[in-house]
Amino acid sequence: MLNEQQLHGIYVPVITPFSQDYELDLISYQRYVENLLTHDIQGLVINGTTGEAPTVTWEEVVRLTGETRRILGKRQLPLVIGTGTNDTVSSVKRTEQAALIGANAVLVVTPYYSRPSIEGIMEHFRQVSEVGIPVILYEVPSRTGIRLPVDAIRRIMDLPGVIGMKDSTSSTELMKELSQNRSKPVLCGDDIHFQEMLYHGASGGILASANVNTEAYIRMYQLAAQGDYFRSELEFEVLIPCIQKLFAESNPAPLKWLLAKQGLISNDTLRLPMAPISEELKLSFEKVLRNLFFHTR
């Protein structure tokens, strides 16, 4: 099981490759994951936003997890599975199953769409955290439509089964508050503010853009951990244009296009309502990539 001390460094949220007929493409998945494993990443996250969780069935998550475990072999790399939904019963069941299929922790998003009360959200996390597998709170207001107040976040983080948080709020003030006298780690989930969040106390990141130039993200984190924020920022500045393109349209569409261009997956197929990126973005991406790979290789 994952513990608080391991919740640091770079965790990579994996995509879910599809064939052109929208089935899981496990051949591409193996090639893609094996490439990630050439880097000193801290862990992998399955079935998150980058993995297109809303359009992937739980049965497919189970298959991806089994395939990931097979690829990992004897490597002791932490594996986190997204199990959160806007239905508490379903979230608990998925969390129970995740524990059985080899997850080291689960990522549980704030319940969305239903607009529940704070007390309802608290009970949701209490029940999920009692399953017995470590829970990471995932706060992403841009996707859920609800922003938790700081006191609610602290109450959730105080639950014994919760080991930390993925913070995708873009709020440096929140990171500062959580960093002061906190007992549990906070990972940044907001790529464009990653370096700034490291400065304000983030213990690492779960970052879609770390699928690209992974080594640069690892160096950036390591420099910040050593207190060398100046050199960490220099690393980050080179990556900013690529990050902006990766989020110019809905994630993970630009990322899938880029991974397909690199030959790591067979194509950039997404399941509707997600659609491939525009021709305009492809053209603007080309200029950024030439500069990016020149500086980071």
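From the backbone N, Cα and C atoms, a Cβ is placed for every residue, glycine too.
Caution: TrEMBL annotation is automatic and unverified by curators.
Under 8 Å, Cβ to Cβ, and six or more positions away along its own chain, Y138 (active site, proton donor/acceptor) finds G48, G82, G84, L107, V108, V109, T110, M165, K166, S168, G189. Per TrEMBL, the feature active site, proton donor/acceptor maps to Y138.
As annotated by TrEMBL, active site, schiff-base intermediate with substrate applies to K166. DSSP assigns K166 (active site, schiff-base intermediate with substrate) to a strand segment in the three-state reduction.
Marked as pyruvate binding site by TrEMBL: T50, I206. Annotation note: I206 (pyruvate binding site) sits in a strand segment as assigned by DSSP. Long-range Cβ contacts of I206 (pyruvate binding site) within its own chain (separation 6+, distance under 8 Å): Y11, V12, P13, V45, G48, L107, K166, L187, C188, G189.
Close to T49 (site 'Part of a proton relay during catalysis') in the fold, though at least 6 residues off in sequence, lie P13, V140, R143, A208, N251, P252, each with a CB less than 8 Å from its CB. What TrEMBL records for T49 (among others) is site 'Part of a proton relay during catalysis'.
The secondary structure of Y113 (site 'Part of a proton relay during catalysis'), as reduced to three states from DSSP, is coil rather than helix or strand. For Y113 (site 'Part of a proton relay during catalysis'), the same-chain residues that are 6 or more apart in sequence and have a Cβ closer than 8 Å to its Cβ are N86, T144, G145. Residues or ranges marked as site 'Part of a proton relay during catalysis' by TrEMBL: Y113 (among others).
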